[in-house]
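K.L.:
To start, I am sharing the structure in question, which I have written as structure tokens.
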Amino acid sequence: MTKLLAFAELKDGEARNVSFETVSAARQIDESAEVVGIVLGSENVEDAANQMIQFGADRAVTVTDEKLANYTSDAYTQAAMAVIEQEDPDGMVMGHTSSGKDLSPRLASKLDSGLISDITGVEGDQFVRPIYSGKAFEKKSIKGGKTFVTIRPNNIAPLDKDESRSGDVSSVDVEIKDLRTIIKDVVRKASDGVDLSEANIIVAGGRGVKSEEGFEPLHELADELGAAVGASRGACDAGYCDYSLQIGQTGKVVTPDLYIACGISGAIQHLAGMSNSKVIVAINKDPEANIFNVADYGIVGDLFDVVPKLTEEIKAQA
Amino acid sequence: MNIYVLMKKTFDTEEKIQIDGGVIEEEGAEFIINPYDEYAIEEAIKIRDDHGGEVTVVTVGDEESEQQLRTALAMGADKAVLVNTEDDLEDGDQYSTVRILEAYFEDKDVDIILAGNVAIDEASGQVGPRLADKLDIPYVTTITNLEIGGEDVKIVRDVEGDEETVETSLPLLVTCQQGLNEPRYPSLPGIMKAKKKPLEELELDDLDLDEDDVEAKTETVEVFLPPEKEAGRVLEGETEDQVKELVSLLKTEAKVL
């Protein structure tokens with residue numbers, strides 16, 4: 001039987017959504033495979049392991065160590081390799097997140113394996129991934145060795161959670177040593193509200209927002225929708241918001257269900273970061289703005305007039 | 001200090017993508033240095049100016065890559081190396097590229113290697129970490145600040161918007177993120193000087209590799225364009241009515257609310 005590892009990713013002791021998406025992706029690769037969740041962390045690994053099972057994994061393997069509290073390449077490589085050596089899987093699925101991007105190439109290198117990064121779909125033994133900033137797509141397959149992929153968050157829906165589902169949770173002891181990089185400090189800049197890369201809805205502002213205060217109505221709309229707030233490079237360059245909010249070719253690539261672009265002209269570099277969103281709404285004063293070419297729905301008007309009214313309407317129809 | 005930069009050429013960001021015979025049409029397209037690699041080149045030059053040494057820019061590419069290497073030299077790099085795989089490598093992947101780079105670096109005394117954190121074409125971000133693993137040196141990805149004091153290195157890296165401060169030591173590989181620096185434009189004297197700077201061209205043979213050694217582990221089966229998006233709908237009427245209609249469309253038609 002095929003065995004596939006699905007990597008959980010913990011943030012502040014909680015499994016991120018992408019963890020459950022890796023289980024779903026593994027099932028799509030091989031419906032009948034044994035899917036084994038792998039959970040590395042310093043605490044709460046049992047909880048996350050059980051969640052992986054409730055979301056469809058058959059069992060889970062954990063490694064608990066203080067040195068796994070924050071992601072570092074050296075510690076996570078040692079822990080992951082210990083599990084991989086024990087399980088000898090046919091393939092692995094990991095999130096294409098900050099730590100997934102950092103760790104997966106190194107594991108692939110250690111295993112002399114191929115790695116297909118940043119996939120958005122599984123079609124049998126072929127994997128779909130955007131290239132050229134989403135201006136094209138390619139299908140890739142593995143020629144030999146392990147089937148190793150990273151999945152772009154928010155593209156492969158997790159399976160339904162089944163709280164009655166149970167499975168074996170075992171742990172592997174690893175002596176983590178010789179860490180060559182040490183984390184001294186983490187400054188949280190992006191942790192207010194909803195995580196951009198995992199958000200189902202994003203409200204984004206561009207130069208049209210005009211000031212830091214101008215983001216206020218966007219935040220109000222986002223709060224009402226349970227959405228994350230993002231920005232174009234223009235808005236970041238103008239100092240209206242932090243670069244951690246930037247969506248685009250440089251910055252984050254996002255694919256929410258709904259993207260509401262407010263006062264964003266739609267430069268090609270911005271489109272690279274969001275054009276694969278499922279539904280795009282554009283609100284802009286300029287009827288000629290390029291953003292209307294990719295939008296599903298457009299409202300030509302001043303965002304300071306439209307956005308508050310939209311917030312009110314959503315409240316009214318809630 | 002022996003400072004190396006891994007560089008790749010990419011399509012100009014403004015280029016339209018066309019597919020011909022199942023592959024991306026490159027004929028007539030404008031190429032640039034991958035924007036993230038520009039940060040790497042700029043940082044390498046700054047490190048050399050502060051600490052002394054030499055900046056060597058390395059690319060795995062084809063004859064056309066010489067143009068981007070000359071641009072890097074014009075920015076201020078000292079030497080360039082082109083591993084030309086045009087005749088030997090049909091469909092390489094990241095595994096292939098790293099096998100080649102590993103062979104190139106085998107006899108080099110490296111202090112630091114800088115690369116972009118991702119290339120904007122294939123966008124895998126694998127080459128840096130894979131190479132560091134093969135060379136058995138530490139790596140730090142998506143860096144936004146770098147300070148070197150002797151062997152010690154203090155780095156700030158971007159972790160999905162959060163800032164992480166990391167301490168490590170040389171030799172080291174880093175991948176560069178936006179915000180690290182403002183890459184300079186080549187000056188006219190820089191461009192003149194670049195013409196005389198050494199540009200070494202190697203082939204797989206020169207690295208004691210043959211085609212089988214660098215055979216890709218993955219294969220591209222198909223390349224296609226995203227489905228043409230139907231023209232969107234621009235709503236009309238009073239703002240209040242537009243907003244009402246929008247919310248109702250998002251609920252009933254798009255089903256995203």
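All positions are counted from 1 along the displayed chain.
Using the three backbone atoms N, Cα and C, a Cβ is placed for every residue, glycine included.
TrEMBL feature annotations, pasted as is:
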- A:R207, A:232-233, A:246-250, A:263-270, A:N284: FAD binding site (BINDING)
- A:4-186: domain 'Electron transfer flavoprotein alpha/beta-subunit N-terminal' (DOMAIN)
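Have a look at these and tell me how they're positioned relative to everything else.
P.N.:
Taking a C-beta cut-off of under 8 Å and a sequence gap of six or more, A:Q246 (FAD binding site) has these contacts in its own chain: A:G230, A:A231, A:S232, A:R233, A:C236, A:K252, A:G273.
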K.L.:
Through the lens of DSSP with three states only, how would you label A:Q249 (FAD binding site)?
P.N.:
coil
K.L.:
Out of the binding-site residues A:Q249, A:A267, A:H270, which are near chain B, with a C-beta less than 8 A away from one of its C-betas?
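P.N.:
Of A:Q249, A:A267, A:H270, the entries that lie near chain B are A:Q249.
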K.L.:
Of A:I264, A:A267, the binding-site residues given in the record, which has the fewest other CB atoms within 10 A of its CB?
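P.N.:
Across A:I264, A:A267, these binding-site residues, the one with fewest Cβ atoms within 10 Å is A:A267.
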K.L.:
Non-local Cβ contacts of A:R207 (FAD binding site) (under 8 Å, 6 or more apart, same chain)?
P.N.:
A:S232, A:G234, A:A235, A:A238, A:G263, A:I264, A:S265
K.L.:
Measure the Cβ-based neighbour count of A:H270 (FAD binding site), defined as the other Cβ atoms within 10 Å of its Cβ.
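P.N.:
Around the Cβ of A:H270 (FAD binding site), 28 other Cβ atoms lie within 10 Å.
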